[in-house]
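Below: the structure, in structure tokens.
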2 protein chains.
Amino acid sequence: MFYLSNTFQEFSQDYSNLFEKDNLDLFFQKVLVERNSQLSGYYDLPFKDNQEIFDYLEHNAKFLDSITNIIVVGIGGSSLGAKAIDALLSHQNNRKKIKLHFLEHTDPIIIQKDLRRVKYEDTLFIVISKSGLTIETTSLFKYILARFCLLKSDRKHHLVAITDSNSPLHKWCQKEQIQNITISPNIGGRFSVLSAVGLLPLAILGYDIQGILQGAKQISNNFFIKREDDILKKALFLAKNETKYPINVLFSYSTVFRHFNAWYVQLWGESLGKLDTYQQKRGLTPIALIGSIDQHSFLQLIMQGPANKTVTFLNVENLSQKPLYIPDISLDGLEMTDFVNQTSFNQLLKLQCTSTKESIMLQNVPVDSIILDTLNEQSVGALIFYYELLTSCVGILLQIDTYNQPGVEFGKKILREKFTHS
Amino acid sequence: MFYLSNTFQEFSQDYSNLFEKDNLDLFFQKVLVERNSQLSGYYDLPFKDNQEIFDYLEHNAKFLDSITNIIVVGIGGSSLGAKAIDALLSHQNNRKKIKLHFLEHTDPIIIQKDLRRVKYEDTLFIVISKSGLTIETTSLFKYILARFCLLKSDRKHHLVAITDSNSPLHKWCQKEQIQNITISPNIGGRFSVLSAVGLLPLAILGYDIQGILQGAKQISNNFFIKREDDILKKALFLAKNETKYPINVLFSYSTVFRHFNAWYVQLWGESLGKLDTYQQKRGLTPIALIGSIDQHSFLQLIMQGPANKTVTFLNVENLSQKPLYIPDISLDGLEMTDFVNQTSFNQLLKLQCTSTKESIMLQNVPVDSIILDTLNEQSVGALIFYYELLTSCVGILLQIDTYNQPGVEFGKKILREKFTHS
């Protein structure tokens, strides 16, 4: 089955030494060692049975049939994954008519707006936090507990938590008899979308989560069993050129990728921006764009600005929607634009993607493409796991810990001090 | 009146030579020469009377009172500015309950979604294009002309065009007797928000456009009359460090800045990414973030990734909304998070901004701050003009043409060829 066509060779003209079989084999062994070390548990997620999720769905079937809102309280890795996948698949018929909100901003304007029309009676609240100690999540969680009185015994079933096993939040749930699903502590937020963190809300929305995992499994098997080496090569190219091309642009052609873009930025930025074994600052800077709209915003800089960027184009070959055509109208004086008349907007978008790609390649900017044959659970699962594996591979080459985020702790400490001293 | 507090000195410890009076004077003269050259007309926009806009509002007063939708057909500079300002001011009481849509994506999924509930009877369509030859805009324009039969004589008042004087679109409007407002051809898209391009939709929405211009005028006068030198110094710092710090991060604390961020990215990227007088690739790469949410996404990379970024913090001192408080609840085992109890969410957001800023400064990342005292027409106009002036100043130092975008033409040419040859 074909999900991803990664035309990576476009990157790689002069890298034959780097791509020698021995070098690739050695690199592959390092990935295998990392996987087996259980430094991160995400490698195994495509192969889990997720019985806890299916049990929850079964035990709460009647209640879940009655809800019209899901409110996820969670930030960063606890929200970006499910949001990305829902946006990519929301055109599907199996998507139930449930509104999905994410309460993640401590911005009061947004909190008010998001909760304006929400009644607890038809709402499931999902609180997601590895520890329960994330300040935004816990503050928002307290707010909804108070606002909707969710600890009354007849309302507790409106609440479910997803958290690390034995975390403070997990213990609180057990004490308060709140339903919960635990995840393994070695699955970090930004690598957690294929665990209950992403899969539980997606399953309740009606998506085929087994299909998502199947797509991910395919990518895993291509890499670990079939030993396909496109991800290894791309990682080698990117890490080797860390200084020459410090910026990696993902140029996604369709607005449905907007939240996937945000997920990519977090995965890439927070995983790879690290001190390495030698305490050197390493990393690659992600930028994510939407085509064709950002052709009118960022393309000029790619074309004629500093040659410090690689660009990955991401688009969909076949959209399932009914095509929409540009009418065959000629306007006096504007005939120059008639060459696209009677084209479908989707065809126009695809050709804009190709044309932009070609124009960038003519500037010798390193370019590659990811083409999804269509948008469905399998292709989206594949895309997610492709990017997770790629991130791990680059991290190994940079000699960093891909899965921690020590740099964000400093600001949290300063915040706490401001409160303690004021 | 105080709108912007730019704590630029934080950037500038070791730049006393660069900031000597003679050097600043020379630089100021160059800006003055560019302004007087009329290379771009945006410098004068705060001082225009905009009689054409007020005439249009007066002649169409009854009709404009009846509409509930505005659909702007325009892309890039024709949409980003009005969208940014509306998002920053939409909490105000003078904002009429008119839905504002932007038809800019050729993505069929979005077109269908945006137009689903739109009826021509209660809608004003504003088509914005300097020439009328932008392929996305014209294709979408033809689509709405056909879908809503807007050229029927009794429907033409539902349409107004904003375009360059004597452009093909202008001539078409005259021939078809479509109302239109022209802008001067020397006002480029991304510098056009303070012309009719931004002001007409904003005025119809009920905003005080004179107030917006007043804020802009204040910044202009601070620069050109009072000779305040903070923008000159910041531009000198950024241009001088083009290679050392090729990436400029704008970290905006509140989701109301989301569209302003997109406007900034276009302004900075498309203006500054250019071949200079010596045909060298120049430019600075913009990245825009939203706090606190992107503390959980991008902050790690700023803290421990390569030292190739400057960061500008943007926040609002006083939000006019009623405060929303974190409840005084203590959850068993989660007491560590109680230190923020009874704080307002807005106060938390402000302290998160300060804490993050301090943590970044400790890593020796160059940081500055823009603080708006409050969000209103004046402060937003000031913010817009501040960024436009800063962009011009950096462009002068890079010895580029800040106002053109030759790099985006190549892809358009390839697109046209694909159609002609197929």
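Positions of Cβ are set from backbone N, Cα and C atoms, glycine also.
Now, the feature entries from TrEMBL:
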type	residues	note
ACT_SITE	B:GLU270	active site, proton donor
ACT_SITE	B:HIS296	active site
ACT_SITE	B:LYS412	active site
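Location within the structure of each feature annotated in TrEMBL.
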residue: B:GLU270; record: active site, proton donor; Cβ within 10 Å: 31
residue: B:HIS296; record: active site; Cβ within 10 Å: 26
residue: B:LYS412; record: active site; Cβ within 10 Å: 17
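Note: the Cα of the residue listed as 'active site, proton donor' and the Cα of B:HIS296 (active site) are spaced 28 Å from each other. In this structure, the C-alpha atom of B:LYS412 (active site) lies 38 angstrom from that of B:HIS296 (active site). Classification of B:LYS412 (active site) by DSSP places it within a helix.
DSSP assigns the residue listed as 'active site, proton donor' to a helix in the three-state reduction.
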